[in-house]
Each structure stands twice: as structure tokens, then as C-alpha cells.
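Positions annotated as Mg(2+) binding site by Swiss-Prot, on the basis of sequence analysis: ASP58, ASP99, GLU130. The annotation 3-methyl-2-oxobutanoate binding site is assigned in Swiss-Prot to ASP58, SER59, ASP99, LYS128 on the grounds of sequence analysis. Positions annotated as active site, proton acceptor by Swiss-Prot, on the basis of sequence analysis: GLU197.
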Amino acid sequence: MSSHAEPTPVARNRKPLTLPALRAMQQRGEKIAMLTAYESTLARVADEAGVDTILVGDSLGMVVQGHASTLPVTLDEMAYHTRCVARGLQGGAAWLVADLPFASYHQGPSQAMAAAATLMQAGAQMIKLEGGGWTAETVRFLVERGVPVCAHLGLTPQSVHALGGYRIQGRDEAGAAELRRQATELTQAGAAMMVLELMPSAVAAAVQADNPQLMTIGIGAGPATAGQVLVVHDMLGLTRGKLPRFVRNFMHSEAGQNLSVEDAIRAYVAAVKDASFPDPVAHAYASAS
């Protein structure tokens, strides 16, 4: 059985986004809407719905492959899904970011460069890597060689066992200070963008204030970041089980109507842009008192 839909790229109404264009969005106070995608059709829908940045996340290990964590995902699998998404974005506008999976960059800059090259040759325009100060040398090495880098602090799922599970990071004073220190170190190393995951809103706000040139993208980090990201399966209500409090199901409108996938993604983009999502109470976390 096959689809008979026309596979060729269609014209979009937006100009392709670049790193300078994303920076300009931040400078004029426009929020950046990021969303995950793992295959071409949904990537195209997300692009047409106005998503600014598509993330081919190693979260595919959980929501696509059915694993309990992101750890089993391989570089070859990330490259495959990146190629799929890149084909869906042909003729589109969204900026494409791809995750370096576990153990593909941990041995140092040279290994990271080889892995980054694989993903960029597959169509990525920026690579994302998890980790604190120990990744600064690698970030600098990649940026000096023309690879745009998105860092990732807070809850880093590839370190789930070391962290003792999916727990909020930086809730106490010492933890918050360490996250701020690491964020500044990675920014100085050249990271242009940074995902801040599962941390108190005040900590994420401080990271952004410390590094005004950094494009912070929050997920469970409150409303003060330069943008937001969600896993597409979560915001479409496809994920089963208990979801984190920062997730909102956009398949249902505020008026109680059921939306199409494209309209749900449009609603997500609009909510990010007008700062109605995330809610500073319902979708956020506070520091320990």
C-alpha cells in the first residue's frame, strides 16, 4: 500500500530562517517556537504551521522506538531521521537542529566533529549536545570549524542514571549557581542556542539575563527563555502515561474544540509567540524554599 500524494516540495510563504534571522527575532523580543519532528510529513506540517526551529531529538528513542530512555539511540539512526526531516523541509523555512546521541561525542572534540559532520551531511543546520562544562572544549572546537552548536543544560536525559531519574535540576542555591556558571562557560565557548530543561523559572531567567546574546529554549523552565520546545507527541496528546506538568495538549482548543494536527501546531506556535505558553504557574517550577 502506498501514498499517492505528490512528494515534490511545495512553496512556503516564509523565507528560510538562518542563525542571524533567529538572533534578530530574539533581539526584537519575538519568541522562538521549536518543536521536535522525526519524519518528513510531520516536519512539513510543522513548518507550514509556522514552527521556527525543528529539533530531530534523540527523544525519538522513547516516542518512536519505544525505549525507556534516549540511551539506545545510535548516530546512524539520528542521521536517518535527520535525512527524513530535511526532505520534509525542502522549500520550507524552519531551521533544523539535530541531537548528537549518547556516546557520539563523549570521547572529545574529534569524535564530536565526526558525528556532527554526519548529521550536517544528513541535512542538519545546527547540532545539539547535552552536558555542562566538560563539553565546553568540544563546543569551542565545533564552532571554530563552522558547526553551529545548541547546548543543553538542566535535566540532560542522556545522564538520567547519574541524575537519579527525571528530576528538577538547580532547585537549591548551589545547584542554581552551578547551572548559571556552566551556561556562561558554554556561551563563552560559542554555543549560540541552549535548551534549558526542567529547572526553576528563576534559574532559567537568570541564565538568560547572564547571557543576553544566548538563545535559550525552555522546556519546563518557565516563560523567561527566548523560546520554547516540546516533544511533538506530547503536545498532540499521543504520549501515554503521566506527563510532566510543563506539557500542554494543544489538540483541544481553549473553547473545547478538537483541532487538526496542523491547527494544534499553529495553536502551539501562537501560544509561544504571545507568551501565553508556558503558564508561569501551571507549567513551571519554583526554587526550593
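Using N, Cα and C of the backbone, Cβ positions are placed for all residues, glycine too.
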Work out the three-state DSSP category of ASP58 (Mg(2+) binding site).
coil
With an 8 Å cut-off on Cβ distance to the ASP58, SER59, ASP99, LYS128 Cβ center, who else from the chain surrounds the 3-methyl-2-oxobutanoate site?
LEU55, VAL56, GLY57, LEU60, THR70, VAL73, MET78, ALA98, LEU100, PRO101, GLU130
By the DSSP assignment reduced to helix, strand and coil, which category contains GLU130 (Mg(2+) binding site)?
coil
Using C-alpha atoms, which one of the recorded positions SER59, LYS128, GLU197 comes nearest to ASP99 (Mg(2+) binding site)?
LYS128
Need this for a regression test: binding-site residues ASP58, SER59, LYS128, filtered to those with Cα within 10 Å of GLU197 (active site, proton acceptor). What's left?
none
At the level of the C-alpha atoms, what whole-angstrom distance separates LYS128 (3-methyl-2-oxobutanoate binding site) and ASP58 (Mg(2+) binding site)?
10
Rounded to the nearest Å - Cα separation of GLU130 (Mg(2+) binding site) and SER59 (3-methyl-2-oxobutanoate binding site):
13
